[in-house]
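Annotated in TrEMBL:
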- 4-27: zinc finger (ZN_FING)
- Cys4, Cys7, Cys24, Cys27: Zn(2+) 1 binding site (BINDING)
- 67-107: domain 'TFIIS-type' (DOMAIN)
- Cys71, Cys74, Cys99, Cys102: Zn(2+) 2 binding site (BINDING)
Amino acid sequence: MEFCPKCGGLMLPAVVDGRKVLKCRSCGYVKESNNPGNAYRLEEKVQRHPLDKITVLDVNVSTLPVVPFKCENCGNDKAYVYEVQTRAGDEPATRFYICTKCRKVYREYA
Ligand SMILES: [Zn+2]
Ligand SMILES: [Zn+2]
């Protein structure tokens, strides 16, 4: 929580010209928000759900082979299989299973 340097009023988040700022509720003083909270939260989300990032990759699942796979999310028994070569060629590819029904992504660790 931040307080106005001018009048000591409570600074509230506001959007001015598309920028996120803090604005004093009492006198209207505007301070550029350098709050790293949003960026940090985004990073945290990506780390906690690394597979969410994969799902937004431009993968055309209709071209992927379908294999038997039990989806814990919806109970479906088929999934597209998608392989990603993570590092140099001597590393085994990481395999992802994408449920054909709910599109939940599972990662298989080699
Ligand atoms: Zn103020
Ligand atoms: Zn599913």
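From the backbone N, Cα and C atoms, a Cβ is placed for every residue, glycine too.
Note: TrEMBL annotation is automatic and uncurated.
This view paints the features noted in TrEMBL onto the structure.
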residue: Cys4; record: Zn(2+) 1 binding site; Cβ within 10 Å: 19
residue: Cys7; record: Zn(2+) 1 binding site; Cβ within 10 Å: 13
residue: Cys24; record: Zn(2+) 1 binding site; Cβ within 10 Å: 21
residue: Cys27; record: Zn(2+) 1 binding site; Cβ within 10 Å: 11
residue: Cys71; record: Zn(2+) 2 binding site; Cβ within 10 Å: 19
residue: Cys74; record: Zn(2+) 2 binding site; Cβ within 10 Å: 12
residue: Cys99; record: Zn(2+) 2 binding site; Cβ within 10 Å: 22
residue: Cys102; record: Zn(2+) 2 binding site; Cβ within 10 Å: 12
(request) Calculate the per-residue pLDDT averaged over the zinc finger (4-27) and state the result as an integer. (result) 88
(request) Using CB under 6 Å from any atom of ligand 1, narrow the binding-site residues Cys7, Cys24, Cys27, Cys71, Cys102 to the ones that qualify. (result) Cys7, Cys24, Cys27
(request) Please list, in sequence order, those binding-site residues from Cys24, Cys71, Cys102 with the Cβ less than 6 Å from ligand 2. (result) Cys71, Cys102
(message) Using the CB centroid of Cys4, Cys7, Cys24, Cys27 as the Zn(2+) 1 site centre, which other residues of the same chain sit with their CB within 8 A?
(response) Pro5, Lys6, Gly8, Gly9, Met11, Arg25, Ser26, Gly28, Tyr29
(request) Specify all same-chain residues, apart from the site residues Cys71, Cys74, Cys99, Cys102, whose Cβ lies within 8 angstroms of the center of the Cβ atoms of the Zn(2+) 2 site, ordered by sequence. (result) Glu72, Asn73, Gly75, Asn76, Ala79, Thr100, Lys101, Arg103, Lys104
(request) Just give me the nearest neighbour of Cys102 (Zn(2+) 2 binding site) among the binding-site residues Cys4, Cys7, Cys24, Cys27, Cα to Cα. (result) Cys24
(message) Check the DSSP secondary structure of Cys24 (Zn(2+) 1 binding site), expressed as helix, strand or coil.
(response) strand
(request) Express the distance between the Cα positions of Cys4 (Zn(2+) 1 binding site) and Cys71 (Zn(2+) 2 binding site) as a whole number of Å. (result) 52
(message) Measuring Cα to Cα, how far is Cys7 (Zn(2+) 1 binding site) from Cys99 (Zn(2+) 2 binding site) in Å?
(response) 56
(message) Rounded to a whole angstrom, what is the C-alpha distance between Cys99 (Zn(2+) 2 binding site) and Cys24 (Zn(2+) 1 binding site)?
(response) 49
